[in-house]
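This structure is in structure tokens; I'll ask about it shortly.
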Amino acid sequence: MATSKLPAVSGEEETTILMAKEELEALRTAFESGDIPQAASRLRELLASSDCTRLEVGVTGESGAGKSSLINALRGLGAEDPDAALTGVVETTIEPSPYPHPQFPDVTLWDLPGAGSPGCSADKYLKQVDFGRYDFFLLVSPRRCGAVETRLASEILRQGKKFYFVRTKVDEDLAATRMQRPSGFSEGAVLHEIREHCVERLRGAGVHDPRVFLVSNLSPARYDFPLLMSTWERDLPAHRRHAGLLSLPDISLEALQEKKDMLQEQVLKTALVSGVIQALPVPGLAAAYDDALLIRSLRGYHRSFGLDDDSLAKLAEQVGKQAGDLRSVIRSPLANEVSPETVLRLYSQSSDGAMRVARAFEKGIPVFGTLVAGGISFGTVYTMLQGCLNEMAEDAQRVRIKALEEEEDTQPDVSLEAAGDNGVEKRGSGEGSMEEAPLSTRRKLGLLLKYILDSWKKRDLAEDK
């Protein structure tokens, strides 16, 4: 991923623009050739390729490993949701079954039949599921890595592809160990033992650096599930990162920030397209194209951050709240709908800083000088989309803070001590006396997210001044 530093303008911080190296070179060639229509066409291709990049993920393992439940968890669905993968106590998958992401159908998780069934050789299984068609694999096992898993791992390596070993049902292992050895039980020690065994077995199968994740499909916020998602996104090749990241459920602040960083690339590309279209001598083209382009971009941001009605309803159901309660903390003017009238109003409000932004780009990336010499459309679109992206990202954080809040009437005044890591909250009880009580996980996350959001708002205010 190439980066371009834009110089600070009027006291502003430098802006880092992320763009794949091949994309930057293609843009450079188009602009240096002086062929503006070709540049416009190339930019539209880049935007289109980001919107329709496909990611095929094969989820494999023996029967009963929890593959279907893992797919549902990765897609942010429960077992009873309409589009959920079929789960059961017996094998329910008899042929490869595709499950597109609910919001992003170009990301597909394939539920593969159970491997290691009697009468089905390894070679026959690989042919049956068309093993070579998938970009990436999740190798799932409910037990300590055995012969079936090591055979599949070897085949994935032979194809030059990557996989993560996902050890499911660790909550059941912990419960069983706690029952068998209550006096000497240590959750950390049990998880360490399971992990080390899996790593050792995979290394014995030729895996140089095994990636092992211990998860419970029923508790996607616990154990290694958040780490699984962030590691998966980070390791995807550049041409797959966009689709992979947008498919991940936002269960952490880090996931939201990574999603915002990825959408930041689209802001620059969209502004460049708008600037090029403005330079074309075709009456009426610029206005018509800009309206459609901006509406499509803003609706994409809205959906990506889970601010649409379907996503809010699903989150509300998961946390036992009303969707209206979550919607009440959304402040963006785009909360209700992205209409041409709303876009026009935001566009006019963003024109003040247009030339300043355009000059920064012209100075930072001289090859774009032809485009930004006029600067009005490019700078206005960039300023508008950047502002909307920031607002929607903050709305997404506020929604998740609200989702994690305890009911107000059951919570006394609470303060989270910045220097402490002992997980306690201070509760007032009488005059001056303080009583320590365990800080619930939901309350801790809610307070932490609120603290970070307030810090970001203070930083933004300082930058505005």
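Placed from the backbone N, Cα and C atoms, the Cβ positions cover glycine too.
Swiss-Prot lists these features:
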type: BINDING; residues: 62-69, 87-91, 169-171, 216-218; note: GTP binding site
type: DOMAIN; residues: 53-235; note: domain 'IRG-type G'
type: MOD_RES; residues: Ser247; note: phosphoserine
type: MOD_RES; residues: Ser304; note: phosphoserine
type: REGION; residues: 405-438; note: region 'Disordered'
Average the pLDDT scores across the domain 'IRG-type G' (53-235) and report the rounded value.
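Taking every residue of the domain 'IRG-type G' (53-235) together, the mean pLDDT is 82.
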Any idea what DSSP makes of Asp171 (GTP binding site), helix, strand or coil?
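For Asp171 (GTP binding site) - judged by DSSP and reduced to three states - the answer is helix.
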Measure from the CA atom of Ser304 (phosphoserine) to the CA atom of Asp171 (GTP binding site) and give the result in Å, rounded to a whole number.
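Rounded to the nearest whole number, the Cα-Cα distance is 31 Å.
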Specify the count of other C-beta atoms within 10 Å of the C-beta of Asp171 (GTP binding site).
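Counting Cβ neighbours of Asp171 (GTP binding site) within 10 Å gives 16.
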Suppose we draw a 10 Å sphere around the Cβ of Leu218 (GTP binding site). How many other Cβ atoms does it contain, all chains included?
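Its Cβ has 15 other Cβ atoms within 10 Å.
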Please report the DSSP secondary structure of Ala65 (GTP binding site), reduced to three states.
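In the DSSP reduction, Ala65 (GTP binding site) maps to coil.
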What does DSSP call Ser304 (phosphoserine) in the simple three-state scheme?
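SS state of Ser304 (phosphoserine) = helix.
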Measuring Cα to Cα, how many Å separate Ser304 (phosphoserine) from Ala65 (GTP binding site)?
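About 30 Å separate the Cα atoms of these two residues.
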When a 10 Å sphere is centred on the Cβ of Ala65 (GTP binding site), how many other Cβ atoms does it contain?
25
